[in-house]
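Quick look at what Swiss-Prot lists:
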REGION    13-39  region 'Disordered'
REGION    104-138  region 'Disordered'
COMPBIAS  109-119  compositional bias 'Low complexity'
DOMAIN    141-204  domain 'bZIP'
REGION    143-162  region 'Basic motif'
REGION    169-183  region 'Leucine-zipper'
REGION    268-298  region 'Disordered'
Amino acid sequence: MKKCPSELNFEAFFHGERGEDDADAAADQKPGGGPHPPPFAMFSAADLSSFGFADSVTSTITGVIPNHIWPQSQSLNARHPAVYTIESQSSICAAASPTSATTLNMKESQTLGGTSGSDSDSESLLDIEGGPCEQSTNPLDVKRMRRMVSNRESARRSRKRKQAHLADLETQVDQLRGENASLFKQLTDANQQFTTAVTDNRILKSDVEALRVKVKMAEDMVARGALSCGLGHLGGLSPALNPRQGACRVPDVLTGLDYAGDDPFTGLSPPEQVQMPGGGEVGDAWGWDNHSNGAMSK
């Protein structure tokens, strides 16, 4: 554990006093050696009053410091009261003022637990923490107090920066959450639209297949109608190719012949005009004479 300069000075002073006591004891044992004059004879009452320390401080010092810390406090006070007061003032100032120590602890707890402070608080804290030590002329104590105040001010500024950064991060988090909710809503709408589009696509595909079947059936019907129309047109141009029309006109040709079913065939009647199916007339129907003549002529 690192010791403060006042403690180091006190230890050096204490070891020096012990060395002087040993030297005095050795001188007393020597023949002709006498005791040394008291060291406080070096300082007069005016010199002691010139120091800026009150008598209450000295009385408080002797009443507060435990005996195990100052084992030879009475002898030291008797031999070097002024030097003792000067050397130990900086180290026991806090112990001499319990109110200042309590205030220091309270301020430290408030600084650690609080969120922020102000410059006026720091100045008032410095004034309160000084207590009886504010009149100290030791530069180490002054530097220590200034360093402590500077550290607390730096910590306060650091806490302010951290709080501002934290507030900024919270604002960004809120914005990102809003954007996330908006994007999630858009994604849900897009999924719904995609599902609807897929359903409509299936319906349209089924409609297209049904229309294709209907178109194919219509094409077949058109092909059949064209074939029947072509056959009908051909039948109107050449009636001889129409079997129905020929079958209907055969009895008309036979009715022009005078033929009895039971009578023997006697030949054809005199030449008559025979109506042909085409509307023409055939004159001079040939008989046996013509037949025989034709055969003979052949």
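Yeah, the Cβs are placed from backbone N, Cα and C, and that goes for glycine too.
Quantities reported herein were computed from a predicted structural model and do not represent experimental measurements.
Residue counts for the region 'Basic motif' (143-162) under DSSP, helix first, then strand, then coil, are 20 helix, 0 strand, 0 coil. Summarised as a single figure, the pLDDT of the region 'Basic motif' (143-162) averages 93.
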